[in-house]
Amino acid sequence: MNCREIIRKLLLNPAHNNAATRTAQGDNGDSNQRAYTRISRLAAFQSAQTQESTPKTNGTGRATTEGLTEAEVRWLVMESRALFMSQPMLVEIAAPVRICGDVHGQYTDLLRLFDLGGFPPDANYIFLGDYVDRGDQSLETICLLLAYKLSFPETFFLLRGNHECSSINRIYGFFDECKRRYSVRLWKQFTDTFNCMPVAGLVEGRILCMHGGLSPELTDLDQIRRILRPTDVPDSGLICDLLWSDPSTNMESNWSENDRGVSWTFSESVVKSFNKKFDLDLICRAHQVVDAGYEFFAARQLVTVFSAPNYCDEFDNAGAFMCVDENLMCSFVQIEPTRTLLRYFF
């Protein structure tokens, strides 16, 4: 088993190609988003590695283009666990890099994101968590991301979100998808891998990234580095806050109980004081739907990035990702919402 074959199957599956040659249409019927086609994904795959065009078999005689076997997914999950354990809890990331927010099983939109930002290794990425649940293609989404992580371990980074936790994804869709398409055993192995994922990233020492936000317990970045793994997400404390907390403008104090029932909300002054103390330019986090796909807070010292357009098929939000260049200048690329949401499976 190898990542080349898994990526090939995820990007070039004939069932994907038939659907992906269509162009997403906006509310006015005009094409308002680049088509994501078999040709673009074929070029992306070939730019990453050489792969013979003849389909291989998996030992049972079944062509691998039909989909990933449970053994292949299990291999991908276990290899990723070992890689996560070999890297720190606070990963150090070099610019340039694209920073992406929640994806939530919206696999088609993940391909749109790569179509706009460049498929690895043509661009470097850090994703801020919440790969599974809510969307109907969590398995495609997490498998492609893990395959890219294994293929490009020093330029492709995946942080843990609050949905990379068994108590959450047991309820919001990922457990049911694993059980229906593979097995409960595989879901448990995903859980073991999620428990080893890093929870924060630092871009060139100036941009701190996490899924949720700050914590009243965070007084030294070495606290993150010293977190032991594997670990579940506790109900309170540093890990919980990094994955669950939110900024808020409606604050009578610096910290207040979060309406989610978990963790805290924090004020603008908390962000400004934190950035000054640690000599940071920006905090980049995800975790909340924002209409434009990105939204600033605290005089542009914190930004929320959300990369799942038309979230849950219930919102008209755009998705977005942030591009950080070599000089740490930041810009944003939007993934426009569409009424025509394409879905295809491996």
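Positions of Cβ are set from backbone N, Cα and C atoms, glycine also.
Now, the feature entries from Swiss-Prot:
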- Asp102, His104, Asp130: Mn(2+) 1 binding site (BINDING)
- Asp130, Asn162, His211, His287: Mn(2+) 2 binding site (BINDING)
- His163: active site, proton donor (ACT_SITE)
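Distribution of Swiss-Prot features across the structure.
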residue	record	DSSP (3 states)
Asp102	Mn(2+) 1 binding site	strand
Asp130	Mn(2+) 1 binding site	coil
Asn162	Mn(2+) 2 binding site	coil
His211	Mn(2+) 2 binding site	coil
His287	Mn(2+) 2 binding site	coil
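All protein chains considered, the CB of Asp130 (Mn(2+) 1 binding site) has 28 other CB atoms within 10 Å.
Counting only same-chain residues at least 6 apart in sequence, those with a Cβ under 8 Å from the Cβ of Asn162 (Mn(2+) 2 binding site) are Gly129, Asp130, Ile168, His211, Gly212, Val233, Leu243, Trp244, His287. Other than the site residues Asp102, His104, Asp130, same-chain residues with C-beta atoms no more than 8 angstroms from the centre of those residues' C-beta atoms, the Mn(2+) 1 site, are Gly101, Val103, Gly105, Gly129, Tyr131, Val132, Asp133, Arg134, Gly161, His163, Ala286, Phe306, Ser307, Ala308. Each of Asp102, Leu128, Gly129, Gly161, His163, Gly212, Leu243, Trp244, Ala286 belongs to the same chain as Asp130, Asn162, His211, His287, is absent from that list, and has a C-beta within 8 angstroms of the C-beta centroid marking the Mn(2+) 2 site. The Cβ of Asp102 (Mn(2+) 1 binding site) lies under 8 Å from the Cβ of Leu128, Gly129, Asp130, Gly161, Ala286, His287, Phe306, Ser307, Ala308, Tyr311, each of which sits 6+ residues away along the same chain. For the pair His104 (Mn(2+) 1 binding site) and His163 (active site, proton donor), the C-alpha distance works out to 9 angstrom.
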